[in-house]
Every structure is written in C-alpha cells, then in structure tokens.
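Step one of this worksheet: look at the structure below.
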Amino acid sequence: MKIILLGAPGAGKGTQSTSIAEHFGLQRISTGDMLRNAAKEGKPLGLEAKKIMDAGQLVSDDIIMALIKECLSKDECSCGVLFDGFPRTIGQAEALRAEEIHIDHVVEIYVQDEEIVKRMSGRRVHLASGRSYHVMFNPPKQEGLDDATGEPLVQRADDSEETVKKRLQIYHAQTAPLVEYYTMLEQKGESNAPRYHKIEGVGTVEEIRNRIFAALES
C-alpha cells in the first residue's frame, strides 16, 4: 500500500502519520528527512541537494524523485510507504505516475484555517526545557509562567498569528491544485488512480485516527 498524507501546518499530520505507518506496517517517507539523511550519509545526490538548500534554493524534482526511487528500492519499503509532505506540486505528482509509482490513497486531514490559527498562535514554550503549553487547551498554572520553574513562557516566531496565516496561504496555494489533480484522476476512472479521502481533523487524536483508519480500510 502507498499513501500520500496531506494536511496544513497544525492540522495534526505529524501525530497521525506515525499512527498510520505503525497500523498498516508502512515505511514513512518524509522528503525533509530523506534529504537530510542523504546529505549526512555523503551520497552524491544528498550532497548536491545540501548545496542547493544551503543556498536557499528549492531542490529540483529530478533530485527528489531520484532519492525517492532509491528509498523505494530498499527492503524496508517493500511492505508499503506513507509519503509525508510529498508531492507538493502537480509536477511531482505527475513524476510519480511517469515512474509508475502507483498511489493507492490520498488522505487530506482538513481543519478550517480559523481553528489552525487558534491552535498554533496559542502555543507557548519554556525554551530551556522544551515544555509546551497552550493558552486555551493546556494553560500553565500561572499565566505566562512555566509550571516547574516559574520562568517566563514565550511564543515562537513561527507561531505568531501573522506567520501562521502566511504558512496557510502557501499550503493552500500548493495543495488545492494537488487535491483537484487527484480527485479528477479518480472521477475520470484513470488507471491506477488513487482514492481521495478528506478527513475532518477536529476531535481527539483517537477520533481522527479512527476516521482515517475507517477510510483506508473501507
């Protein structure tokens, strides 16, 4: 089984990707991890990708596809894979089909933007320990202070409302065409078209996980 998992920042994709991979015995492939590992191992493609990333540029689809094909050839991927954060563009999706890497399911964890802004902009952290709080869902005993040390909590720059909204705009611009691409493949009855599942991402971790499992097992 090969699954693509989509979800906006703050939609809970990271939590659910682990559960899906464990439940179905899949190897999780994250392009970010894959690029970092290839560079760390000193592979030519990895070093080339690192040079591009260090220059602040986007790694080409050709390099990413070559690394993905290499990953898929490994024994640990023989039982199936979960693509986390890939594809990001129509070009990458078409490259998968051109390489005859057939996807069985595309799962999008959907959460409204207002809810994501509320989730992410409410996060507060104690930098020294990494302890995390939320002003609404998991507040500290004393507002703005770490429970254990009494030291001030901070909001990371990535979690500011303005930054979260910008990240959501980028996500929607990338993902909307992908969703349309995969739903059209399914509607046209194209050969090896994956099934697309839009999963409501509001609820407990267990509720959302069960919705995903039910969709994939139906």
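Cβ coordinates are placed from backbone N, Cα and C, and glycine is handled just like the others.
Owing to the predicted nature of the structure, the values given are computational and were not obtained by experimental measurement.
Residues or ranges marked as ATP binding site in Swiss-Prot (evidence: sequence analysis): Gly10, Ala11, Gly12, Lys13, Gly14, Thr15, Arg123, Ser132, Tyr133, Gly203. Summarising the annotation, Swiss-Prot assigns region 'NMP' to 30-59 and lists sequence analysis as the type of evidence. If you look up Swiss-Prot, you'll see Thr31, Arg36, Gln57, Leu58, Val59, Gly85, Phe86, Pro87, Arg88, Gln92, Arg156, Arg167 marked as AMP binding site. Marked as region 'LID' by Swiss-Prot on the basis of sequence analysis: 122-159.
In the three-state DSSP scheme, Arg123 (ATP binding site) falls into the strand class.
In terms of C-alpha distance, the listed binding-site residues Thr31, Gln57, Val59, Phe86, Arg156 place Arg156 closest to Arg123 (ATP binding site). Looking only at the region 'NMP' (30-59), the predicted model's pLDDT averages out at 85.
Spread of the AMP binding residues is 32 Å (greatest Cα-Cα distance among Thr31, Arg36, Gln57, Leu58, Val59, Gly85, Phe86, Pro87, Arg88, Gln92, Arg156, Arg167). Sorted by the number of other CB atoms within 10 A, the binding-site residues Gly10, Gly12, Gly14 start with Gly14, the lowest. Distance from the CA of Thr31 (AMP binding site) to the CA of Tyr133 (ATP binding site) is 29 Å.
For the binding-site residues Thr31, Gln57, the greatest number of Cβ atoms within 10 Å around a candidate Cβ is found at Thr31.
All protein chains shown were included, and the count of other CB atoms within 10 Å of the CB of Phe86 (AMP binding site) stands at 20. Long-range Cβ contacts of Arg156 (AMP binding site) within its own chain (separation 6+, distance under 8 Å): Arg123, Val125. In the shown protein chains, 18 other C-beta atoms lie within 10 A of the C-beta of Arg88 (AMP binding site).
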